[in-house]
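Note sheet for the following structure.
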Amino acid sequence: MEIGSAGPAGAQPLLMVPRRPGYGTMGKPIKLLANCFQVEIPKIDVYLYEVDIKPDKCPRRVNREVVDSMVQHFKVTIFGDRRPVYDGKRSLYTANPLPVATTGVDLDVTLPGEGGKDRPFKVSIKFVSRVSWHLLHEVLTGRTLPEPLELDKPISTNPVHAVDVVLRHLPSMKYTPVGRSFFSAPEGYDHPLGGGREVWFGFHQSVRPAMWKMMLNIDVSATAFYKAQPVIQFMCEVLDIHNIDEQPRPLTDSHRVKFTKEIKGLKVEVTHCGTMRRKYRVCNVTRRPASHQTFPLQLENGQTVERTVAQYFREKYTLQLKYPHLPCLQVGQEQKHTYLPLEVCNIVAGQRCIKKLTDNQTSTMIKATARSAPDRQEEISRLVRSANYETDPFVQEFQFKVRDEMAHVTGRVLPAPMLQYGGRNRTVATPSHGVWDMRGKQFHTGVEIKMWAIACFATQRQCREEILKGFTDQLRKISKDAGMPIQGQPCFCKYAQGADSVEPMFRHLKNTYSGLQLIIVILPGKTPVYAEVKRVGDTLLGMATQCVQVKNVIKTSPQTLSNLCLKINVKLGGINNILVPHQRPSVFQQPVIFLGADVTHPPAGDGKKPSIAAVVGSMDAHPSRYCATVRVQRPRQEIIQDLASMVRELLIQFYKSTRFKPTRIIFYRDGVSEGQFRQVLYYELLAIREACISLEKDYQPGITYIVVQKRHHTRLFCADRTERVGRSGNIPAGTTVDTDITHPYEFDFYLCSHAGIQGTSRPSHYHVLWDDNCFTADELQLLTYQLCHTYVRCTRSVSIPAPAYYAHLVAFRARYHLVDKEHDSAEGSHVSGQSNGRDPQALAKAVQIHQDTLRTMYFA
């Protein structure tokens, strides 16, 4: 992949993504199967046509119906026996050219509409170019280099896109497509999630170029859809109403707001017009019930009168509303005042839920979808057999052959690093299957805690004083064993209630106890108090806080207390453990800074909240201590807008902490999808360089830019049962793959660095987009695996390198800093809580960390 010049005069050099420097050899070989299936493609040219459908802006489903109807209708004159494939937008491919003039052809197509009304469309088809699969073979086998991919080159001329469209054509007609997955309504089984939502199962399918061949990646997939049901039932599920007939009163304000939030944007169909099931999109819920909600009705004599919705339905449809006390749905355009009583509407089937699931729904979803690795492997194999690609007429038309057995891959299990602890006996821990423990070990550098406070936001009934006393005694014992002694009793221990009391209490503590190191906050479950504690502690007063759920105070376990100590020690400037120095890769021989970066976006369907960009940087040579920077930026923008100034801040902090200037920058970037690689790399690599040059004009450290991806569907399974690990039968921690299923010539690899506990482990995918430091495959794979062992919050190796994980935590914490107190106290009648309508300066200030907290790992 190459990046076209985009400078003022096109002066920027082409950025060539590095080629693979060779293959890794370290580690113990392991035989694996991957859910990738080889696709054999003929060495032919296919023909690309541009399709233009008017009226445009129709959903892809409708476009597909139009094209399907067109192919049937013009079979004799144009299409003959050809079976074109279509991507649902503007690209149509055929195996043989169509008899159309170079200027194109215009066709009229009609689809049957609702209620006997036909829908007319105008379709124009125009030849664009040939697409060569012969060239694709040459690139896959390494015989020719691909031409530079310019930023503005259309995807439709890409031969890989053509392969993808062929394989997706039939499933797109049969199922409900969502992204790269296909779903169908549950038949004979039911997986309700509550709140009017349910689980639909389906499969993911995507085509990827691999070494010497094209691979089809197939995986089982599940997502939440809205249940097709009467709107009244939907409302009852959302509001936890067990029997609507026992609710003769109108909805309360807070109920109406909650219901509006859930149903807004959904499609409903009406039931009061016989077979004419007209569909509408909901834009609001009325404040007034159907018995009082009025609208201007035009009579036959031209006069306009006010009618209530209930009256209108009685007069027009002789329908006496059963629930006139309930509100109406406002549908279509806001200004048009179209109202429908809830009882004549059903939720339209097949609508995917894009809104965020609640915690309960998420946990139900995980339980319904988690499969042990062997079960998932079996399910995927079943899927591929039932997909029966050899009978797919479109796959046949283009002469594809899809193998129905998983790809055999040889991976390697990398050696785990040893971890150095402190104390008198300076013990070393050796992880086994990605896990180790603290028993008999002390922190590498433990903090002594002399002055600390407790604020209990659980009630005295929930958490009596003797329970608190027991908890502090246990915590002090475990902290002493861990080498982080908490001395004496807390200087302050009080009960408090509600988020409003956080700030005054913390101010009192700050003013009264100089040298206060830590406030332990006890929370009564999920509460707005948490966000307020973090806002006041992190941004307003600069005080270290550690929250604990009351259930863990009432019933203490050594494991929970030990995990608390891991977090507390780091927040107060301690070091839990370090990588044993002699086993680290050679990149550590000179000063090096590790950066992790992530952007988190607001939940789908929320256009007002900003996206949050976070970048963290290591501050020592181990690397164990990190410093954070965070910014708010335009919603849904993936590029980190202010990266240059964030990296500059971190380089300055690194210099202050170590008195060295890094000669190398290793940048792990989370959350970028393949389609965005080029734009993001182009902007961000230049921003990192700009940060360096702004400090000293000749300062040019070597930069390595690595994208970390977890949101992909490649899964690896042990070919030999005896190699499976744990109850879920997963691949061992440290399993690495950089052959067969990886990119034909770019530098990428899969690494599963964690031990799978539930379900099937998902290996992380690493793609090196820039490398001034000329890493070998072994060096970078080992470095990445070692960094997965340096995450301070647990004694396990995690699934992505610590810096990338910390960036995610920092961005997540900033979401809490943005919560408005006044909005979040309860579900009031105003729009719920975050950062709505606040100006950019106020948002930027809200996520700004207090000077005293800035250099600590407050996010741990």
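Using the three backbone atoms N, Cα and C, a Cβ is placed for every residue, glycine included.
Divalent metal cation binding, as stated in Swiss-Prot, involves ASP598, GLU638, HIS808; the candidate among ASP670, ASP771, ASP772, ASP839 given for that site is ASP670. Check Swiss-Prot against the ranges 182-229, 758-805 and you find region 'Interaction with guide RNA' recorded for 758-805.
Comparing SER825, SER832 with the features listed in Swiss-Prot, the residue bearing the annotation phosphoserine is SER825.
For the ranges 74-111, 454-491, 530-567, the feature annotated in Swiss-Prot as region 'Interaction with guide RNA' maps to 530-567. When pLDDT values are averaged over the domain 'Piwi' (518-819), the model yields 97. Secondary structure from DSSP puts HIS808 (divalent metal cation binding site) in a helix. Broken down by DSSP into helix, strand and coil, the region 'Interaction with guide RNA' (530-567) contains 26 helix, 5 strand, 7 coil. Around ASP670 (divalent metal cation binding site), the same-chain residues at least 6 positions away in sequence with a Cβ under 8 Å from its Cβ are GLY596, ALA597, ASP598, VAL707, VAL708, LYS710, ILE800, ALA804, ALA807, HIS808. Secondary structure of the domain 'PAZ' (230-349) per DSSP (helix as H, G, I; strand as E, B; remaining residues coil): 38 helix, 38 strand, 44 coil. When the binding-site residues ASP598, GLU638 are compared by the number of other C-beta atoms lying within 10 angstroms of their own C-beta, GLU638 comes out lowest. Listed in chain order, the residues near the divalent metal cation site other than ASP598, GLU638, ASP670, HIS808 are ALA597, VAL599, THR600, ALA614, ARG669, GLY671, VAL672, ALA804, ALA807, ALA811, each with its Cβ within 8 Å of the site Cβ centroid.
Other C-beta atoms found within 10 angstroms of the C-beta of HIS808 (divalent metal cation binding site) number 21, with every protein chain shown included.
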